Amino acid sequence: MSVARRVAKNTFFLVSGQVLWTVFSIILLLFSARILGVEDFGNYGFAFAFVLLFSIIADFGFERAVVRDLARNRKAVAKYLGNLFVIKIIFCAFVFFLIALSINLLGYSESVVSATYLLGAYVVLNSLAALPRFVFKAFEEMHYDAFLTIFSKGTVMVFGIAALLSGFGLIGLAFAFFLSGLLTAILGFFIVVKKFSAFKPEFDFSFWKSLLFQNIPFALNSFFSSFSGRISTVLLSLLQGSFAVGIYSAAYKFLEGLQALPTLIVMPVYPVMSRYFLSSKAELQKAYYFAFKLLFILTLPLSFGVSVLALPLVQLLFGPSFSQSMLVLQILVWSIFFTFVNSASSNLLFAADRQKTVALFSGIGAFLTVALSLYLIPKISFTGAATAVLLSSMLVFLLSFIAAQKVVKLLKLAFIPKAILSCLVMSFAIIAFPFQEFFTLAALGILVYFACMFLLKGIDAEDLRLLKKVLGKKFVSPEAPNE
């Protein structure tokens, strides 16, 4: 199989897995919000955000380095798995201990504590299940990764909905996550042992030291990024209670389901940027421009559209009891815009070996989120939490964009005013349209936006040519021979 065909196949499986992951996530979100109600949904949102604050200790940013190293030396898979398995067990045990200790010190109800235990166990199992995924990605066997993604989210959805409909409430939903995590971890290691390599626990301490130290910048970046997204929920719970968290989490978790979008766009471009950083600044500039523009012109109409349609969208998804989530959604969707578009700049910095810079910016964003949350939440509750996240994401976007210009400059920016004008026309068309059915308005908005972009030449032949390269041959692997 040629390199181009292999990349296309792997991209297809990754896209399919992420799309189904998004669909399953949103379906479970609808059931959990409507059945649990605002208060218990707030408890669920808090418990999940709380355990995810600790997850980076178990994950420690291993993925990028391990996938890179195994892709270069596939014979080392047993060594990496054996040592990483032991490291992960130690880290995961420590994480669960911290979760259990912390939640008991905060004085939450027995049901919230129990749900936190179960979701903490899920996070630990999910971290272990990441090891097989490293192997699948390094060996470019993405159908296994996609299968594991679909299996994981599919079982959570089925078990979770069954538990909710059976009346088991918050504890039942948390147990569904735990059971899915356990089955996913078992299945992942079964596939690795059967299809790739058997392994046994190893204690190579010099290897541990090398692996841990080289991953510190990635771990810090992952920690700060995750921290910024979760700390506002935890602080909102501590300062305002479960009702406020329920209103906030409905909007947050819906937008969280869209997180696959930047990954799917940047994923084919990142290795290209890494290679061109060493060989061709001109081609690197093209790759960065393509990723930045594509993310911008796809995410901007999403933010405009959700802002205009927030009320019917919230009522459609969650029901009238969550109507106050409308304003939170209108604020957070702009945080999503800056975060998504920023992934082009941050991945350029990663490709240029400036991961410490990315970690620094993420740390600044996390600090600002905490400071603003502590100031705004007591004053304006869940609106303050959303505003804190938005302002910090704007700052990180600006810092990363400025730093990226020192690597290669983004010279052609004519598409930005064209995209903004197209979004304004789209928004006016949605507001002026006499029918109020959500899907009709959404379809109208998409049609009007892309029609305007083509008329204004915001999308041109060069963009289509670059897109074809990313999904085809040259741009993905310009020098790779057929196998």
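Even glycines carry a Cβ here, placed using N, Cα and C.
Predicted automatically and left uncurated, TrEMBL annotations should be read as such.
For reference, TrEMBL has these:
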TRANSMEM  12-35  transmembrane segment
TRANSMEM  41-62  transmembrane segment
TRANSMEM  83-103  transmembrane segment
TRANSMEM  146-165  transmembrane segment
TRANSMEM  171-193  transmembrane segment
TRANSMEM  231-251  transmembrane segment
TRANSMEM  257-278  transmembrane segment
TRANSMEM  290-311  transmembrane segment
TRANSMEM  331-351  transmembrane segment
TRANSMEM  358-377  transmembrane segment
TRANSMEM  383-403  transmembrane segment
TRANSMEM  415-433  transmembrane segment
State the non-local partners of the transmembrane segment (358-377) in its own chain: residues 6+ outside its ends, Cβ under 8 Å from one of its Cβ atoms. 217-218, 220-221, 223-225, 227-228, 231-232, 235-236, 239-240, 346, 349-350, 383-385, 387-389, 391-393, 395-396, 399-400, 403
Non-local residues, at least 6 beyond the ends, that sit with Cβ under 8 Å of the transmembrane segment (415-433): 293, 296-297, 300-301, 304-305, 307-309, 440-441, 444-445, 448-450, 452-453, 456-459
Sequence-distant contacts of the transmembrane segment (171-193), meaning Cβ under 8 Å and at least 6 residues beyond its ends, amount to 32, 36, 44, 47, 81, 111, 114-116, 118-119, 121-126, 128-129, 131-133, 135-136, 144, 148, 151-152, 155-156, 159-160, 162-164, 199
Other parts of the chain folded back onto the transmembrane segment (331-351), taken as Cβ under 8 Å at six or more residues beyond its ends: 64, 251-252, 255, 258, 261-263, 265-266, 269-270, 273-274, 277, 284, 288, 291-292, 295-296, 299-300, 302-303, 306-307, 310, 357-358, 361, 383, 386-387, 389-390, 393-394, 396-397, 400-401, 403-404, 407-408
